[in-house]
Amino acid sequence: MASLLCLFFSLLGLAAIGAVKNCHPQCRCEVETFGLFDSFSLTKVDCSRIGPGNTPVPIPLDTSHLDLSLNSTTSISDTMLSGPGYTTLVSLDLSSNLIAQISPKAFSKLRYLETLDLSSNALEGLSDGCFTGLPLVELDLSENQFKEFNLDLFTTRTQDLPIMVDLSRNLLTSIFRRTPGHPLYIKSLMLAGNQLKTVPKLNGIPLQYLNLDGNLISSIDTGAFDSLTELVHLSLSGLSELTLIHPGAFRSLKNLQALDLSNNSQLKTLNPNVFSGLVSLQELNLSNTAVTPLSRTVFMQMPNIKSITLGPNVHCWKTHMQGQFHRQIGQAKPNDILTCDNAGLIL
């Protein structure tokens, strides 16, 4: 029995070695098997920290995830990602390098690529068509050196699936489209920590999530979000210059469910009509602002509000109070009461 167990574990060891026999000696490879009797396998390859002199690196033919981060790579050529094994990539991590230039066809062979991480590099621009034909669903361009960005770069990618784009913590003063008539399916756009002074015009983009935290926006005009009628979550936190939100700024956001206006210390007052049109809003964060107490008429603009945060220790919630039944007048009209956990305050 003992000999059989030894043979069994020996065979397992040989199988594991065989599964990663094409793994580069400086990389770490992990095989994942799927299907009946593990008939299908994919390999995750970690080639981070191997140094710039070792790229491009040969990888197993069934590689699905490749990590090339932290290699001090300065550029991506047309041939660097075109060797055997690269065409099956689903996920590619090029973060935390020194990449300042990417050739126009650098990703052209990666026809299955869904996730691309280019964060923490030195990129200032990207060539038109660099994402042509890619089925990307997630792209991280955060912590680079972009000063302006043309979203039309994404019109040439495969449009079947929505994409999440992270451009946070760059140097952006402008984000725009030159051809708003072309379809552009971006689901989530992260623009936090940039230098935008106004709400960007994002016409023709069916965004559901938008983050503008930590920009230099000083005022938000009436109708600033009129083109973003499908927004579900909007974050406008930490706008150190924000002093004014005009009435009707959110008037077209009938699908918005969560609005974050926290940490805007210069925002002193809010006209009740600022919240007009927010008929689906359920969560509102006003913590660390100076706009409390709020007028009762504010809540009339938000019939579906469920939760309001007014400070670190002040959280409000709406309770539906069923009216009592009276023999003479029948069922009394129910009331919605907003209760705050600050000394039992009721607004």
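Just so you know, glycine gets a Cβ as well, placed from its N, Cα and C.
Predicted, not measured: the structure shown is a model, and the values here were computed from it.
Record features, source Swiss-Prot:
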type: SIGNAL; residues: 1-19; note: signal peptide
type: DOMAIN; residues: 20-61; note: domain 'LRRNT'
type: REPEAT; residues: 62-83; note: repeat 'LRR 1'
type: REPEAT; residues: 88-109; note: repeat 'LRR 2'
type: REPEAT; residues: 112-133; note: repeat 'LRR 3'
type: REPEAT; residues: 135-156; note: repeat 'LRR 4'
type: REPEAT; residues: 160-175; note: repeat 'LRR 5'
type: REPEAT; residues: 185-205; note: repeat 'LRR 6'
type: REPEAT; residues: 206-227; note: repeat 'LRR 7'
type: REPEAT; residues: 230-252; note: repeat 'LRR 8'
type: REPEAT; residues: 255-277; note: repeat 'LRR 9'
type: REPEAT; residues: 280-301; note: repeat 'LRR 10'
type: CARBOHYD; residues: N285; note: N-linked glycosylation site
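Counting residues 6+ beyond its ends, the repeat 'LRR 3' (112-133) has Cβ neighbours under 8 Å at 69, 87-100, 102-106, 139-147, 152-154, 156-158, 166 in the same chain. Contacts between the repeat 'LRR 6' (185-205) and the repeat 'LRR 9' (255-277): absent, as fewer than 3 C-beta pairs lie under 8 angstroms at sequence separation of six or more. Residues 95, 111-126, 128-129, 162-179, 182-184, 186, 190, 202, 205 of the same chain sit 6 or more residues outside the repeat 'LRR 4' (135-156) yet have a Cβ under 8 Å from a Cβ within it. Sequence-distant contacts of the repeat 'LRR 7' (206-227) (same chain, at least 6 residues past either end, Cβ-Cβ under 8 Å): 162, 164, 168, 185-199, 233-253, 260. Long-range contacts of the repeat 'LRR 10' (280-301) within the same chain, counting only residues at least 6 positions beyond its ends with a Cβ under 8 Å from a Cβ of the stretch, are 237, 254-265, 267-270, 272-273, 307-312, 314, 338, 347.
In the predicted structure, the repeat 'LRR 8' (230-252) carries a mean pLDDT of 98. Sequence-distant contacts of N285 (N-linked glycosylation site), defined by Cβ-Cβ distance under 8 angstroms and a gap of at least six in the same chain, are S237, L259, D260, L261, S262, I308, T309.
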